[in-house]
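What TrEMBL says about this one:
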type: COMPBIAS; residues: 102-111; note: compositional bias 'Polar residues'
type: COMPBIAS; residues: 120-140; note: compositional bias 'Polar residues'
type: COMPBIAS; residues: 179-199; note: compositional bias 'Polar residues'
type: DOMAIN; residues: 256-376; note: domain 'Palmitoyltransferase DHHC'
type: REGION; residues: 102-142; note: region 'Disordered'
type: REGION; residues: 165-205; note: region 'Disordered'
type: REGION; residues: 220-247; note: region 'Disordered'
type: TRANSMEM; residues: 31-52; note: transmembrane segment
type: TRANSMEM; residues: 72-94; note: transmembrane segment
type: TRANSMEM; residues: 302-322; note: transmembrane segment
type: TRANSMEM; residues: 342-360; note: transmembrane segment
Amino acid sequence: MPQPDQTCCGVIEEAQYRAHRRRANKPQPWIALKFTVALTIALTGYSTYVYAGRFCKDMLMKNSNAQGGPATGVAFLVVFCVLLFLMSWSYVMVVTTSPGHARDYTQTTTRPGYERQNDRPSLNSNDIRGTSYELTTPTVDLSRHLTHEPETQSRSDSQKHHLQLLPASGSGNGDRAASQASPIDSSVAKTERNSQATSADPEEAHVTDVLAAPEAPHVPDTAILPTHANTRESSKNNSPLMISRSPPSTPVLLPEYRYCSRCKIIKPPRAHHCRACGTCILKYDHHCPWIGQCVGAFNHKFFVNFLQWGTVFCFWTLATLLGLNVKSQTRSPAPDLDPQQIVVIALSGLFGLFCILMFITQLHLIRLNQTTVESIGSRSMRDREQEVLSNEYRWYEIGAKRRTQKQWDNEWGEIGREGNLWWLGSGRANWEAVMGKNMWWWFLPIGHRLDDGMSYQTNPRFDDQGRWRRRKEWPSELR
Ligand SMILES: [Zn+2]
Ligand SMILES: [Zn+2]
């Protein structure tokens, strides 16, 4: 909650903040949610009319502007109808299957944890309290380990180097001491104070939760990166560069970190609140306007099936319409172009591209057993590491960058795989967890619920509260 500020700017800011909270708490109206479903059906209907009722019909009827013979017309129409059927079937399944609403499976309760003093986030902690685990800040601990230098020298160095402070890092893995010992400049100190204020106040945590809905993940941006000039200077001085990876230490599996203040429930693991739907969704992937609801635990597989057939349907339509229209223009006399077919060529190209990009992304994420919202954390962590490395090394020091990253991976495991709380150990296992073991299920929108949306196997490389551990702390058979 912002501090009351009596200045003009303060009043405006508070009014904006309250308006934002009101909007954030309200789901979208039903008509707005479902409008795109009607639009999708209308566009499919129109494309079917143009393809079957104009393009194929001309060929079957041997009209003068036909693009091919009757046999071609029949073959194209049959393939088109099969693909239309598979895509429509998948679409009906994904639209009519609920993603799984957490409120149907959990009881409402008050925010837990604050009576348990030991679990309460420490005011002196360097951790920024994650409001839900996908939002915890992936971090790279930039704190240099200046143990080779006396404390006084560290301090004077820090004024030159703008030493970095890391959010959500350190505790429990031995880096905290280094972090805390690192002197910080005034801007960093200010950032730290702000972030601690955020994490300390229970009401504020609630507010952060409201503002940080999964569609717009809030990744606290408090890591202050070193400037090029400063780090170059440190390289020149040959001071040993000891940057280390320090993943968030937030115990994300604890009920305190899974509380949804809007639904007043303790979210099951992997569930998140969807701002558009106004409710918590089991194994939330993302809110998809084209299906008018979320993609979650129970309809994720159908969504992938829809993308598969949507891609094939669009590219079949595009290829046949475009191919024959181009080919017919080489004839003499060339038949007139049908403007409606041109419109469908553009539509199928656009939607085909959209579907295939979504499909490739989904394939990649399913192989990692990450939902879209969970992948944001990994991506952000990777980006930060790249940023840190490019600040620490010159652009041509590619080998050194690789070696540092490899060193981190040796110590911790790979981001997104060993460093993914839900990674099941192999791409195949991850794929089957979403798409099923039966190969028919991979291609057809059939199959019962593969999971209950409430409990998921966790990666044994994490502790039982959901914190990524170092390789040396992993079960011995996994090291
Ligand atoms: Zn919720
Ligand atoms: Zn939604």
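Every residue, even glycine, has its Cβ placed from backbone N, Cα and C.
A TrEMBL annotation is a machine prediction, not a hand-curated record.
Remote same-chain partners of the transmembrane segment (302-322), defined as residues 6 or more beyond its termini with a Cβ less than 8 Å from a stretch Cβ, comprise 47, 51, 55, 76, 79-80, 83-84, 86-87, 90-91, 93-94, 97, 285, 288, 291, 295, 341, 344-345, 348-349, 351-352, 355-356, 358-359, 362-363, 366, 434-435, 443-445. According to DSSP, the compositional bias 'Polar residues' (102-111) comprises 3 helix, 1 strand, 6 coil. For the transmembrane segment (31-52), same-chain residues at least 6 beyond its ends with a Cβ under 8 Å from one of its own Cβ atoms are 77, 80-81, 84, 87-88, 91, 95, 276-277, 289-293, 317, 321, 338, 340-341, 343-344, 347-348, 351.
Residues in the domain 'Palmitoyltransferase DHHC' (256-376) partition by DSSP class (helix H, G, I; strand E, B; coil) as 70 helix, 16 strand, 35 coil. Mean pLDDT, taken over the domain 'Palmitoyltransferase DHHC' (256-376), works out to 94 on the 0 to 100 scale.
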